[in-house]
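A short write-up of the structure that comes next.
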Amino acid sequence: MEIKDQGAQMEPLLPTRNDEEAVVDRGGTRSILKTHFEKEDLEGHRTLFIGVHVPLGGRKSHRRHRHRGHKHRKRDRERDSGLEDGRESPSFDTPSQRVQFILGTEDDDEEHIPHDLFTELDEICWREGEDAEWRETARWLKFEEDVEDGGERWSKPYVATLSLHSLFELRSCILNGTVLLDMHANTLEEIADMVLDQQVSSGQLNEDVRHRVHEALMKQHHHQNQKKLTNRIPIVRSFADIGKKQSEPNSMDKNAGQVVSPQSAPACVENKNDVSRENSTVDFSKGLGGQQKGHTSPCGMKQRHEKGPPHQQEREVDLHFMKKIPPGAEASNILVGELEFLDRTVVAFVRLSPAVLLQGLAEVPIPTRFLFILLGPLGKGQQYHEIGRSIATLMTDEVFHDVAYKAKDRNDLVSGIDEFLDQVTVLPPGEWDPSIRIEPPKNVPSQEKRKIPAVPNGTAAHGEAEPHGGHSGPELQRTGRIFGGLILDIKRKAPYFWSDFRDAFSLQCLASFLFLYCACMSPVITFGGLLGEATEGRISAIESLFGASMTGIAYSLFGGQPLTILGSTGPVLVFEKILFKFCKEYGLSYLSLRASIGLWTATLCIILVATDASSLVCYITRFTEEAFASLICIIFIYEALEKLFELSEAYPINMHNDLELLTQYSCNCVEPHNPSNGTLKEWRESNISASDIIWENLTVSECKSLHGEYVGRACGHDHPYVPDVLFWSVILFFSTVTLSATLKQFKTSRYFPTKVRSIVSDFAVFLTILCMVLIDYAIGIPSPKLQVPSVFKPTRDDRGWFVTPLGPNPWWTVIAAIIPALLCTILIFMDQQITAVIINRKEHKLKKGCGYHLDLLMVAVMLGVCSIMGLPWFVAATVLSITHVNSLKLESECSAPGEQPKFLGIREQRVTGLMIFILMGSSVFMTSILKFIPMPVLYGVFLYMGASSLKGIQFFDRIKLFWMPAKHQPDFIYLRHVPLRKVHLFTIIQMSCLGLLWIIKVSRAAIVFPMMVLALVFVRKLMDLLFTKRELSWLDDLMPESKKKKLEDAEKEEEQSMLAMEDEGTVQLPLEGHYRDDPSVINISDEMSKTALWRNLLITADNSKDKESSFPSKSSPS
């Protein structure tokens, strides 16, 4: 029988819908196992056609047609025509061209818009003395999962490996079997009737066995998650199962342990001719042992026998698996099996329109869109199983999945299979064991190239133009108006202001806030302490806390990028030391001159905002970003270790002790033998007489304050030896680093449910600090603790909270202050904007935009306020900001088993930064709690933050390549396009710049550090002489050029022309002139027909047809 004749006979069997409203999920009545689902249980799984994706890579959105009246007329014309679907595709040279044409078409309704698919493979099974049933043996959401041989558990998800023979057989099934597209049916019984009627009318099925096949299709379906009512709660449950129940969403908690009742299952509108499945009288043969080796029959799996009439049985929904199914997903059911009364295969591929919820058919209660039925004679169970796996795997393929939705006839489906065969990779049988399960990859390659037509040689593919500057968005365009960039920043950020507070209602934000509060407190207090030593207490810890709190609150509320965390920086401390030394030498008021410099710096920064100077950020490329960020991370690690080593001075260890003399160990305070002149002067001023002091009774701190000396075997040079404290501090330090890293990676571990792992990972650092504090308190060793000021007042009594810019200084100092203010302006600008550039990287997928001008304005204003109040200056802190961003990463909650969660972006909000600095300002009143936090724990947090911030920096990946043989090097994209020697040269230059920055940072010349960071931009420009433009495009961002605007305008015009063609419904394919004349293009369909394997399959199909022609039939094919 010809395929065209077969298609002509299908047309009368395709009823058309008369309603023109939105498609409603009507459910079905064929199932005896009715299921009642609570509304909140299935929320998100019953709503269809709300958010859909369009498979064509070049199109961004789907055009919705408002003129629905045309559908009736179009369908009437299609029904009157003799075509199978009323739509014909032109002929093409290759299957890829046909598939690209299919995916490029648009339909007038939403029935052909692809949805996510859940595919289930059921095989018919029977046991002696029991009724037959369909048993679930495998399922696909993204990767394949099989029911293990014992029948009690699912296998781990794995990449399906298919035999080429089964793919050829599947192609033959689609080519010769029954294909019914856009069938309108409401129950499984109606579907079976239409399929079998078509089979009988086309001569593929004998009328005598039609009824028995129908009864086989109506048999009960048993799914892996079904359990008996009496055994729903086993006596012994694993902790993982208990945790799983606790980790379900609140909307599902109350129903998670309940079995749904059958009273309110969705009823079908047409409930007619209901034939009960349990009364079926199909006599299956006992000879199903003809299964081939290598495939375990579903009947061989351990079964849970469910006794009693079906109306007493109730289904349990696997809510944990339901969470992994995307909203709007549809089902694809594969039914395969052996029947003793058949002597040839029965094959049908059905696409329902609309999708219908068929009760009991699928494991999860979602509408069914596709059915594939393959029933055949005994002895070929393994063959049918592999064909079922093949079609199921094809349905999970991104391209064939879209073809199945948009196919107009069987030829489209065959083209989809051929295109799939054109892309598959074949493994040699002698070098690979097919029984080995391949682990799912971490990153699945994109399939967009398969959907978009190829282009002739010499032309650039659309969307693959060479990249330009990495920071060339609209927020960095010069406006040419005073404060033009600032106005645009405000307009860009204002619509998101309230959402910045709403989006913070998440446990992740709470975890981020608690972690970063502890991380920000210590450097602020430490910086204040160092500043107090450098300025003789004029600016100390309490001023640092107050300034950080006030500046941070204002910035978090009104800044352009609230993800940035403000903090103190090393160059600012160096500047403060130099300024104080200068004022002391020349008898000037330090706070007054500092206020003048701060006001000039704020004014200059505001001028930079007014002139859109932040647009210069586009010259800061990855080369400069990574050198700066790497330096800050290394400094964090270095200072954490340095602070740990400094503890050995305060808590020395006796390295030469004698265990035999421990009983004689003592350390006493005695009067100094030769007191210095300074000591004698201090005693006279305090009216202290050395002879009146009982030196032996003094404590360590009292002895130190009176300049006494320590005598005894247990004494060091300046202090008594302190047992255990240093070693205990080292233990706390490294335990904090290790536990923080371990708990942060807990999200990817194998233990506990997903929700538990996610919470532990989010609160990793806070839980670590809490654990270390409790352990330290329980052990009782007097480790150094965090010291927080307990009184809110200036450190010195001779200063207040406000400072006049002039004060006792000469009037000309106010004008002269502009000179150091210029240097401070460069320092503030570079620190702020480089950190902002790192936070606003495209890979962070920020959706609310950035505000470089608004950020700089807020920093400038608060710098002026802090100057008048005599408080430290604060600017963007690189490592704290990167840590803040990393703690707020969003990943997809709905991911298929075996699929890695997708990075969705950052939870952009203002609340975490706001709460950090509010609590920081309140720390004065929390001294009784904060005094229990050991300083080594905070040093360990610093080391963890510095090390974790290094992840993702390409510079360190390239450093590793120096000691790595080429065959072991990772598959970095730049290694594919840039010679290795050029990669090494680029890295060496970057390392040299980093080394120079480090030398300047730790030396007395640290004041010029911002100038050296600025010099990196010029170094990067000179690298254009050593590298080609193409090489730099892979290793670094290209520098902005004068031609960039013209190139962007040309790209915009090209995009507009492409959109215009799409609106006209035109899809241009290079069908002539390229493919036909290119001898390298192979048509896999033609080549397949020449293979001996395909010819053998055709001979088998022809013999079956000849045999079928001898069957008596009530209706012959036309």
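Just so you know, the numbers here start at 1 and follow the chain as drawn.
The backbone N, Cα and C atoms fix where each Cβ goes, and this holds for glycine too.
Small disclaimer: the values here were computed from a predicted structure and weren't measured.
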N-linked glycosylation site according to Swiss-Prot, picked from Asn279, Asn697, Asn1083: Asn697
Check: Glu536 and Pro965 same membrane side, Swiss-Prot record: yes
DSSP three-state assignment (helix, strand or coil) for Thr94 (phosphothreonine): coil
Contact between the transmembrane segment (563-583) and the transmembrane segment (810-830) (at least 3 Cβ pairs under 8 Å, separation 6+): yes
Mean per-residue pLDDT computed across the topological domain 'Extracellular' (584-596): 82
The transmembrane segment (999-1019) and the transmembrane segment (597-617) contact flag, 3+ Cβ pairs under 8 angstroms: no
Leading contact stretch, 539-559, 597-617, 627-647, 763-783, 936-956 vs the transmembrane segment (810-830) - CB distance under 8 Å: 597-617
Leading contact stretch, 597-617, 627-647, 721-741, 763-783, 913-933 vs the transmembrane segment (856-876) - CB distance under 8 Å: 597-617
Intrachain residues whose Cβ lies under 8 Å of the transmembrane segment (721-741), provided they are six or more past its termini: 640, 644, 647-648, 650-654, 667, 714-715, 764-765, 768-769, 771-772, 776, 779, 781-784, 934-937, 939-941, 943-944, 947-948
Criterion met for the transmembrane segment (936-956) and the transmembrane segment (539-559) (at least three Cβ pairs under 8 Å): no
